[in-house]
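Peer 1: The following block contains the structure, expressed as structure tokens.
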Protein chains: 2
Amino acid sequence: MTKEPVVAILGATGAVGQEFIRLIEERKFPYSKLKLLASYRSAGKKMTVNGEEYTVEEAKPESFDGVDIGLFAGGSISKELGPEAAKRGCIVIDNSSTFRMDPNVPLVVPEVNPEDIAWHKGIIANPNCSTIIMLMALKPIHDLSPIKRIIVSTYQAVSGAGKEGIDELRDETEAYLKGEEMQPKILPSKSLPKHYPIAFNLIPQIDKFVEKDYTKEEMKMVNETHKMLHDDSIAITATTVRVPVFRSHAESVYVETADELTVDAVRKAIDAFPGAQVQDNPAEMEYPMPLFTSEKYDCYVGRIRKDLYNPKAINLWVSGDQIRKGAALNALQIAEYMLAHDMIH
Amino acid sequence: MTKEPVVAILGATGAVGQEFIRLIEERKFPYSKLKLLASYRSAGKKMTVNGEEYTVEEAKPESFDGVDIGLFAGGSISKELGPEAAKRGCIVIDNSSTFRMDPNVPLVVPEVNPEDIAWHKGIIANPNCSTIIMLMALKPIHDLSPIKRIIVSTYQAVSGAGKEGIDELRDETEAYLKGEEMQPKILPSKSLPKHYPIAFNLIPQIDKFVEKDYTKEEMKMVNETHKMLHDDSIAITATTVRVPVFRSHAESVYVETADELTVDAVRKAIDAFPGAQVQDNPAEMEYPMPLFTSEKYDCYVGRIRKDLYNPKAINLWVSGDQIRKGAALNALQIAEYMLAHDMIH
């Protein structure tokens, strides 16, 4: 497009919405006009973007008239407003899980499957955070030799439960250290009937249980990986666990490939992959840790080593910022890709 | 033995040593005389056991004259004093890693391989905490059908680094919440040249790197499992990670067996296994969490489910108290087993 796009952020006041604003400023994302939208509860709030003050408006279908790009932070509001915005010619980049497995909606990590952007019909889905971060480490391996099997255990930050999750970890930690009772209200998921403390604890449930005693989060890692790598035959098992970390996820991944790969070849491929960085030097005690991958754009990969028993398997450890590459950054990068490739008109 | 044994606790003032004392009181472990021993730095401290005050004595070879059972809390002191105590007729139950892989020393979890106690030559080794907790979930499965492959990712509490590790997590957490700088001095391991914060972080290194870019902790899980299950052919891969949890470990385990097993058969076998409890009801959001398995004797197993792609594989999640079953309790249970079977003379 010749002029700069009109951009709307839906859910501007939440953790991912605020990150959209920070990233638009940091990355100098171009816009001719910006609208901040949210549910009626947050309407009227004032927010500053690039030094200019905005009033958050209540999101309605008409809010998207004349909008070129809708950055949807996530949540149930996407289901109604996604199609309404798309109908009005707005390209929706949606961070909710609503449309991810819709065969008419591309599910995209720009470094992994940019080719899928082309066939969008108005809505492009942003994958689940844990899937994005895993694939940033695995796609370069898949390009060396097709992946046959993945066994992943996650260590997921509370930011995945939004601002409320972050506040809960802080509040519970303070209470615990004072010897007071912790009062969990959010985790493992606000909508579930029971809540457990996350401070100094681990919760081996993220999202609800859906099938065969796997959680929705675990099935997202299976199904979304299949969709983005265009290969439903990859055998994937996930165990997803919430840990008392604020905003970067980590994952322990066992990956089997069709051919035998050297650690050196894997390291080189990951390092050459945009958005991924190898941080892997055992002699110097270098490996990714979530405290230090927070607020970064890239995903960091370390502990890369051959399986001791299967010559076609590699074990690795990946960590990336859940709110950035796991959510807002990836969505914004989809928009940046489309602008760079003149895909927004 | 007809009279009650003379018992010595070596390293009485540390995290594991203090736990020996608590457990001796709780479990009414019999003794005719008790000695509390430690290095010269802790000698002279007063400690109370079963209402009686003891002065901690500096441990020397002669300290073990007339002692029937030596409960060694761990550390480098075991190397010298273990053989010295054994030479004096003391049965040493040692929590350090010194003798674990010695072919002349049985490595024992009483529920897993009690038969190995019989061939001891004065020293019996207590396995590494992460190995014990994993085997409490896996031995009942191994008894149903031989285990062929294990892929485990651990979530290990700071108590594994002793009292100093526990204090470090607390101090760092307080500093972080006050906005002050964290000053790591212990983790990942006191003897290593670099230290990283554990508060709100994960450290994918436990103990030093030893071979093929695996850590000593990871190789312990491989080698000790082989020794206790008497089967070196089991393909084991471990990724061991320190998490900001005080005293219970958790582990995400993928296990392949020779035959196809049903989840129901696995649940029944684990529940029937002494020292293990199934805590696994997705509909009621029941699964083991380290905050709640702390201070317990048993190891808790949940998230038991078939692998989605390999009918001969099961995924599960186990959690147990690192200081209790992972260390002091297991050692004391070895002594209890020997007393019950008249193996101490």
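The backbone N, Cα and C atoms fix where each Cβ goes, glycine too.
Note: TrEMBL annotation is automatic and uncurated.
Owing to the predicted nature of the structure, the values given are computational and were not obtained by experimental measurement.
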Peer 1: Among B:Q322, B:Q333, which residue shares the NADP(+) site with B:T13, B:G14, B:A15, B:V16, B:R41, B:S42, B:S159, B:G160 according to TrEMBL?
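Peer 2: When TrEMBL describes the NADP(+) site, the candidate it includes is B:Q322.
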Peer 1: Around B:H249 (active site, proton acceptor), which residues of its chain at least 6 apart sit with Cβ under 8 Å of its Cβ?
Peer 2: B:C129, B:S130, B:I133, B:T154, B:Y155, B:Q156, B:A157, B:G160, B:P290, B:S319, B:G320, B:Q322, B:G326
Peer 1: Provide the number of Cβ atoms within 10 Å of the Cβ of B:C129 (active site, acyl-thioester intermediate), excluding the reference atom itself.
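Peer 2: Counting Cβ neighbours of B:C129 (active site, acyl-thioester intermediate) within 10 Å gives 27.
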Peer 1: Using a 10 angstroms cut-off on Cβ to Cβ distances, just flag whichever of B:R41, B:R100, B:R242 is the loneliest among these binding-site residues.
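Peer 2: Each of the binding-site residues B:R41, B:R100, B:R242 was scored by Cβ atoms within 10 Å; lowest is B:R41.
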Peer 1: Out of the recorded positions B:T13, B:C129, B:S159, B:R242, B:H249, B:Q322, which are near chain A, with a C-beta less than 8 A away from one of its C-betas?
Peer 2: none
Peer 1: Determine, to the nearest whole angstrom, how far the Cα atom of B:R41 (NADP(+) binding site) is from the Cα atom of B:R100 (phosphate binding site).
Peer 2: 26
Peer 1: I need the most crowded of these binding-site residues: B:T13, B:Q156. Count other C-beta atoms within 10 angstroms of each C-beta and give me the top one.
Peer 2: B:Q156
Peer 1: What's the number of neighbouring CB atoms sitting within 10 A of the CB on B:S159 (NADP(+) binding site)?
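Peer 2: There are 26 of them.
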